[in-house]
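*Asks:* When I checked TrEMBL for this same protein, it listed these features:
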| type | residues | note |
| --- | --- | --- |
| SIGNAL | 1-18 | signal peptide |
| ACT_SITE | 198 | active site, nucleophile |
| BINDING | 226, 227, 228, 229, 249, 250, 251, 252 | substrate binding site |
């Protein structure tokens, strides 16, 4: 069958609603198909989120999810992921996970086998191994070449500011100067539409049960130890079975400060249409960071959904996937950024 692409008008014409619905960021078709198949074969909403995002970890979606992508400043790939149960409001998350490929699978085990919400770093890897996940190298030839190319370009771009030596011209190690002269930070995102950084997914089952999740390998050339929005509940994604769910993608360092997924769900709780809820979230961030790179997807328990994105050069439309009984197959949809 030919792939369908549906263009949603920015006016926010309410999407026809039906359950179940699966919505995910970017045109990650195989992730959408996997999640939908899990639901159709009787799997739970959490199963669908775990397997859908896990598909992107296997496929290394756009090099921004899973192993072998986004090496940090020391050349290592580390993973962030979360999964949320909208019935119990339980969250399982891992951040700065090393040597384990199935980050969202480990996040699910945090819900199932611990009373915690978030595990990080090497200790999260030890937990994963206890849970039966293989310990393996996340580095590939591709991530090594991305890393060495970056070193050859004097470590540009990077995420340091106000340090010596000048981080805009040379590699570190950096330290803080004797006396600080704060330059106005350039917040224009160094990422583009070809440098996405997350799969975010919301699944709403036939009975209105909501689950959400994310998986990411974070910002390319990030400072080791950096954690983005992906594994933070309410930032990367949020699910509430009395309302709906949302997920965010883009410049996590900026977006996580606004808890966009939580905010979108709260707008929907007040009765706001999902498209408008997404737009309002983007508008709030725009006031502080007009040039940020980012998008949000939203869906409510009637099966109505929408998305919104911030318009910057090179990123004027946002593509996302929707699966629902009203569509013959998981379908790529497009929304204009504003």
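Yeah, the Cβs are placed from backbone N, Cα and C, and that goes for glycine too.
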*Asks:* Show me the subset of 226, 227, 249, 250 whose Cα is within 10 Å of residue 198 (active site, nucleophile); these are the binding-site residues I mean.
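*Replies:* Taking 226, 227, 249, 250 one by one, the ones whose Cα falls within 10 Å of residue 198 (active site, nucleophile) are 249, 250.
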*Asks:* If you draw a 10 Å sphere around the Cβ of residue 252 (substrate binding site), how many other Cβ atoms fall inside it, taking every protein chain shown into account?
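*Replies:* Excluding its own Cβ, residue 252 (substrate binding site) sees 29 Cβ atoms within 10 Å.
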*Asks:* Hey, which of the binding-site residues 228, 250 is the loneliest by Cβ count within 10 Å?
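*Replies:* Minimum Cβ neighbour count within 10 Å, taken over the binding-site residues 228, 250, occurs at 228.
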*Asks:* Widest Cα span across the substrate binders 226, 227, 228, 229, 249, 250, 251, 252, in Å?
*Replies:* 16
*Asks:* Count the Cβ atoms, other than its own, that fall within 10 Å of the Cβ of residue 229 (substrate binding site), considering every protein chain shown.
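*Replies:* A 10 Å sphere around the Cβ of residue 229 (substrate binding site) contains 33 other Cβ atoms.
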